[in-house]
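Below: the structure, in structure tokens.
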Amino acid sequence: MLLSSIYIFLVGFTNCFFVKVSCSTSDFSLEGDYLLGGLFALHETEHETTLFSTEATECFRHSTAKSGYQMLQVMRFAVEEINNSTTLLPNVSLGYDIFDHCSNTQNFNSVLSFISKNGSIKPKEKLNNYQPKVIALTGPYGSSKSMTVAPLFTMDLIPMVNYVASSYVLSDKHQYPSYVRTIPSNNDLIEMIIHIIRWFGWNWIAFLGSQHDLDGLNVFNEYIRNTGICLAYQESLSLNANNSLTLKKINKLSINVIVIFALPQYATKMIKAAIANNIQDKVWIASQHWAMNQQLPREPGIGKIGTVIGIMEKLLSLTGFNEFVYKARGTTDVGHNDRAESEVQRKSKTCNQDCDYCSLLTTEEIINENPTLSFAIYSAIYTIAHALHKVLQCDMNKCHKNTMVKPYMLLGEIKKLDFLLNGKYHIKYDDHFDATISYAVVLWRTDVNPPQFEMVGTYEKLPEITFTIDNSLLLWHNNGSVPFSNCSAECEEGYSRKPEGFHSCWDPYTCFPCAENEWSDEGSTTCKTRSVVYPQFTEIPSIIVMISTACLIILFFAIFCLFAYNYDTPVVKSAGGNMCFLMLTSLILSSISVFFFFGKPTSVFCLLRNAIFAFFFTVCIYCLTVHSFQIVCVFKMAAQFPKVHSLWVKHNGQWLFIACSSFIHLISCVIWMTVDPVKAIADSWTFKDQIMLICEMGNTINLNHSRVYKDLPKNYNEAKSITFSLILYYLIWIAYFTAYLTTKSKYIVIFNAVAQISSINGILFTYFIPKSYVIIFQPQKNTPAYFHTSIQNYTQTISRT
């Protein structure tokens, strides 16, 4: 039921993409009595997009992978050979439908095309009745891509005869019942690598895997138990990994043998990093994925990094392939550019059956591409053909073409296959549908021009496991002697080594601390670099706060202009007159402090974010305090203490109070910044995998006492606005300090900035906005007569009580 839902979802998801465009280039399609599917990576996506994106990946927009086009040609070559054969599938023609499969999650249009029947998919149809478009397929490139699409094929037991995916997980026939592969699994590859390591007596090893073949590392860890081999360093590579740092760590541990069990794109970046970082005199063991890479041996400086040994299938040549490529593309390049131009012009945006760069490749470039997977693809197509030959009950002259061929029938025959390919290569599958293959050990000869791959050893599994290397053929980088890569030197005569730990030389009970900028999981043998975090200018929360602050400053300037224009009106005078402009200026300057909360913290930034706000906002608070006092003088003290009131007015008591208070506060700020300055620090204790760049908690909030005035005129209630703004101010900072003490995150810094802005907004919206509203929308209340009436009514009320 679940898989049926997935089918329906994916059909709806991609239907509009693979039916609206028709692709019919000869490289990608061929008609025949029975269709085979092919998935090859003619392009590579470095970063996968979101799974639930609304459209399929357009592969031609990504980086090119020339080896993918060579693989496509191998499939075409094998199909043509079979169609021309008089003994294999006589009077039967094979066709194919090939797609550029560059994405792990967004190439389902090709997959759905394969499992469709006349353009539709019926997931609930019985296995005996359903006839998909293809009877079998080969591909896609890589284990993760195979695991993604395999469930769609295994539902109908459509054979997936793969040429590159080596994950041992795919050997599980309960999960992947129709998965077949013509290459060894990771188990076999790792076993061979261990044979090489033990042959030369090494036991101090670094293992670098890729994210797409994580089980390689797991298998290696399992297989080296009780072998005396120490895994001194391990890491999973990614395309954006810091390879230079990895190499420095390996060098620091004096590891001289490095296994790179990864896809070509990961291995290429690591080897180039080794050249760039002047890493010398190492032994590099290359997995089958990149052992025959054609570009790396030609890299300048490759000879200095040491000796490269690769493992792969025995170098099996495809007789006639070169001639096929010459014939298919023509022996000359006449009209080459015209073909390239027409290819680009008819590029399809959705069906991924186009290759704009392919027609630009010369015949020699195709032939000289990495041949590592050529025989695997070739044998995959022949595996399908031999299985179909059995299902159709073919003899030497003809096949029973009236036999209804179902994919599951081919799967049953594949398990029983045992044939010689081209009369000499033995093809047979075990119970897990894994091929039993002979392997070779190859040495990179970068000392000759052009570089060569020389076979120096073999590994056979049948009739029994045999492994041998011809030491005389190995030209080591250090004058011919086997490089040393052991956890300790051999003991002198009369001494013996005392083993400790779980890999003969590792002590699991003695832990060494990582550096301050590193962290490690519990029980781990390696340290990882911590990420450094702080609120950056480009982050969404930072941008929102800065834009809000900028809008706030603009609003303050607008109010400043409004009050200046209406300076002689009662509303402005009752709000403080000249004092309003000092308050607005202080609030504008306080707002500027917010911009120092973002970016990498420095001592100057830490000081400014606190000092500017602490001083100017406090000046504004002083203005509010003295204004509150003046209101009390007008309505209470003027009648009861006339002399005090007279002295206050005569000597401009409000300005004297603000000046003295501000000066004292300024002196206290200077002393505070001198004695205990705020510094930028690296918080390395809150999170084990992060270092937070923060400022020390140094800004103290100036709390101001205020009364709640209730016995004031309803139409002239300044003190109530002041009281409410101060109460809001206290609540905001109580909330901030609560969050600061209970939450640890880089975003607490942004919360600090928000608290400052909120404090400023409290005064703006409780004090200045109401007055601006009266000035603009209620001018009848902004007259001397209105204010005099309000005061007289209040005075009469006081006299009667």
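Backbone N, Cα and C atoms are what each Cβ position is placed from, and that goes for glycine too.
The domain 'G-protein coupled receptors family 3 profile' feature in TrEMBL is assigned to 541-791.
The signal peptide annotation in TrEMBL covers 1-16.
Look at TrEMBL and you will find 543-567 (among others) tagged as transmembrane segment.
Beyond its flanks by at least six residues, the transmembrane segment (579-599) meets 534-537, 542, 545-546, 549, 552-553, 556-557, 559-560, 563-564, 572, 605-606, 608-613, 616-617, 619-620, 623-624, 626-627, 654, 658, 749-750, 752-753, 756-757, 760, 763-764, 768 of its own chain at Cβ-Cβ distances under 8 Å. Here TrEMBL flags 579-599 (among others) as transmembrane segment.
Positions annotated as transmembrane segment by TrEMBL: 611-635 (among others).
Residues of the same chain lying 6 or more positions beyond the ends of the transmembrane segment (655-675) and with a Cβ under 8 Å from any Cβ of it are 579, 582, 607, 611, 614-615, 618-619, 622-623, 626, 629, 698, 702. Residues annotated as transmembrane segment in TrEMBL: 655-675 (among others).
What TrEMBL records for 722-741 (among others) is transmembrane segment.
Nonlocal intrachain contacts for the transmembrane segment (748-769), taken as residues 6+ away from its ends with a CB within less than 8 angstroms of a stretch CB, comprise 534-535, 541-542, 545, 548-549, 552, 555-556, 559, 575, 580, 583-584, 587, 590-591, 593-594, 597-598, 609, 613, 617, 620, 624, 694-695, 721-722, 724-725, 728-729, 732-733, 735-736, 739-740. Residues or ranges marked as transmembrane segment in TrEMBL: 748-769 (among others).
Within its own chain, the transmembrane segment (543-567) has Cβ neighbours under 8 Å at 537, 575, 577, 580-581, 584-585, 587-588, 591-592, 594-595, 597-598, 750, 753-754, 757, 760-761, 764, 768, 772, 775-776, 782, counting only residues six or more beyond its boundaries.
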